[in-house]
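Feature list (source: TrEMBL):
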type    : residues                               : note
DOMAIN  : A:4-118                                : domain 'Tetrahydrofolate dehydrogenase/cyclohydrolase catalytic'
DOMAIN  : A:137-278                              : domain 'Tetrahydrofolate dehydrogenase/cyclohydrolase NAD(P)-binding'
BINDING : A:Gly163, A:Arg164, A:Ser165, A:Ile229 : NADP(+) binding site
There are 2 protein chains.
Amino acid sequence: MELLDGRSLANELTQAQQMAVTQLKQQGIIPKLVVIMVGTDPASTIYTKNKQKRAAKIGIASELKQLPDETTATDLLALIHQLNEDATVDGILVQLPLPKQINEDQIIQAIDPQKDVDGFSPVNIGKLWLNEPGLVACTPNGIMQLLAAYNIDIAGKNVVIVGRSNIVGRPLAALMLNANATVTIAHSHTVALKALTKTADILIVAIGRARFFGVDDVKKGAVVVDVGINRLEDGSVTGDVDFEALKTHVSAMTPVPRGVGPMTITMLMAQTIEIAKGRAKRG
Amino acid sequence: MELLDGRSLANELTQAQQMAVTQLKQQGIIPKLVVIMVGTDPASTIYTKNKQKRAAKIGIASELKQLPDETTATDLLALIHQLNEDATVDGILVQLPLPKQINEDQIIQAIDPQKDVDGFSPVNIGKLWLNEPGLVACTPNGIMQLLAAYNIDIAGKNVVIVGRSNIVGRPLAALMLNANATVTIAHSHTVALKALTKTADILIVAIGRARFFGVDDVKKGAVVVDVGINRLEDGSVTGDVDFEALKTHVSAMTPVPRGVGPMTITMLMAQTIEIAKGRAKRG
C-alpha cells in the first residue's frame, strides 16, 4: 500500500510557497490574509491560530480580527465591506461557526468572491460546477492535489464520496466530475451504504464515525481518502476507516492524522498567494 | 407502467399560471420576460417563438430583443445592464448559443441573478448546491416537478444521471441530492455505463443517442426519465431509451415527445411569475 502522506506533501508545498512569497515581495507585493473570528469558540481559536502560524512561516501577512460574541450582522458586514475595498487584503476568511444571531449565508455572500479564500460563496461554488476558474474549498482542493501528487488516475474511475457537506462532499464531487470521474454522492439517507462503498475505485469518506468502514466495505486495491477526524476515549485520533485492517487490502490510503488534514491549510495559503499574484500582475 | 405525462401536467400548470397572472394584474403587476436572441439560428428562432407564444397564452408580457449576428459583447452587456435596471422586467433570458465573438460565460454572469430565469448564472448555481433559495435551470426543475406530481419517492433512492451538462445533468444532481437521493453522475468517460444504469432506482438519461438504453440496461421496476430528443431518418422523434421495449419493464417512464420537453418552458414561465410575485410583495 502506498501511504498518501499529506504532511510530507504539505511540507514540500510550504517550501515552494515561501519562495513564491519571496518573489512577490521583490515585486513589492505582500500577500495578506485576514481571518475574522466572532466569539471565543475553543476549536475555532486553535484553527485560527494554526492559520496565523502557517501564514507567518510562509511570509504571508496575516491579521486576526477578533470580534466579541455579541457582534451584530451589521457590524460584521461593515468590516467585510471595508476589507473588500482594502487593496492590500488578498484573502478574507470568516471562521465558522458564527454566533446564532448572525446569518452565515448572508455573511459569506458579502465577501468579495475574488477574496473568498475558503471558496464558500455562491459565485465560487457556481463557477466550480461550471468548471470555470475560481476559488475552491480548501479540503477538497487539498484532496485533489494529494491524489495528483501520487499520480492517482481519476478519469473514468468510480468515485464514491460519503458525506455531502458544503465544505467537503459537494465541492469535491464537482472537482471529481470535472476530472472526468464517475461520481456518486452518498449520505445519511443512502440505503445499503457499505455495498455502495465497495464499488468505489476511489473512496472518500467524511462522516465522522471512527473506523466505520472496514475490509468488507472497500474494494480490494481501491484508493481510500479519509477525511474523518474522530477522537477516541484514550485521546488518540482516528479516521472513518479502519486503517490497520485496510493496510494490506487497498492500493493507497491517507493516514489520519497527517493525511488530508495538513493539505487544507496548505491550500488556504496557496489560494491567498494566487490572489496576490493576480494583484502583482495588475500592477 | 405509469406514463409520466409532461404535456398533461404542463397544461394543468399553465392554467394555474394564467390564474396567478390574473391575480398579479389585479395588483397592478404585469409579469414580464425579455428574451434576447443574437443572430438567426433556426433552432433558436423556434425556441424563442415558442417561449413568446406560451407567455402570451398565460398573460405574461414578453419581448424579443433580436440582435444582429455581428453584435459585440459590449453592446449585449449594455442591453443586459439596461434590463437589469428596468423595474418592469422580471425575467431576462439570453438564448444560447451566442455567436463566437461573444463569451457566453461573461454574458450569463452579467444578468442580475434575481432575473436569471434560466438559472444559469454562477450565483444561482452556487445557491442550488448550497440548498438555498434561488432560480433553478428549467429542465431539471421540470423533471423534479414531474416526479413530484406522480408521487415518485426520491429520498434514499439510487438516482443515476447520464449526462453532465450545465443545463441538465449537473443542476439535476444538486436537486436530487437536496431531495436526499443517492446521486451518481455518469458521462462519456464512464466505464461500464450500462451496468451502472442498471443499478438505478430512478434513471435519468440525457445523452442524445436514439434508443441507446434497452431492457438489459435498466432495473426491473425502475423509474425512467428520458431527456433525449433524437430525430430519426423518417422524421419522427425518439428519446435515449427504447420506450416500446421498456414499457412492460419499468414502473414509470416519460414519453418522448410530451415528457420532459413540455415541462421546461412551463418552469420558465413559473419562475418569471415567481419573480413578479416578489415585485408585487415589495410593492
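The backbone N, Cα and C atoms fix where each Cβ goes, glycine too.
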Query = Near chain B, which of the binding-site residues A:Gly163, A:Arg164, A:Ser165, A:Ile229 can you find when the cut-off is a Cβ distance under 8 Å?
reply = A:Arg164
Key: Per-state residue totals over the domain 'Tetrahydrofolate dehydrogenase/cyclohydrolase catalytic' (A:4-118) - DSSP helix, strand, coil   = 61 helix, 19 strand, 35 coil
Query = What is the biggest Cα to Cα gap, in Å, among A:Gly163, A:Arg164, A:Ser165, A:Ile229, the residues listed as binding NADP(+)?
reply = 16
Query = List, in sequence order, the same-chain residues at least six positions removed whose CB sits under 8 Å from that of A:Ile229 (NADP(+) binding site)?
reply = A:Gly208, A:Val237, A:Gly239, A:Val256, A:Pro257, A:Gly261
Ask   = Which residues of the same chain, at least 6 positions away in sequence, have a Cβ lying under 8 Å from the Cβ of A:Ser165 (NADP(+) binding site)?
value = A:Ala206
Message = List every residue in the same chain as A:Arg164 (NADP(+) binding site), at least 6 positions away in sequence, whose Cβ is under 8 Å from its Cβ.
response = A:Arg170, A:Ile185, A:Ala186, A:His187
Ask   = What is the number of residues in the domain 'Tetrahydrofolate dehydrogenase/cyclohydrolase NAD(P)-binding' (A:137-278) that are helix, strand and coil, as DSSP sees it?
value = 52 helix, 26 strand, 64 coil
Query = What are the non-local neighbours of A:Gly163 (NADP(+) binding site), defined as same-chain residues 6+ apart in sequence with CB under 8 A from its CB?
reply = A:Gly169, A:Ala186, A:His187, A:Ile204, A:Val205, A:Ala206, A:Ile207, A:Val227
Remark   = Whole-number mean pLDDT, the domain 'Tetrahydrofolate dehydrogenase/cyclohydrolase catalytic' (A:4-118), equals 97
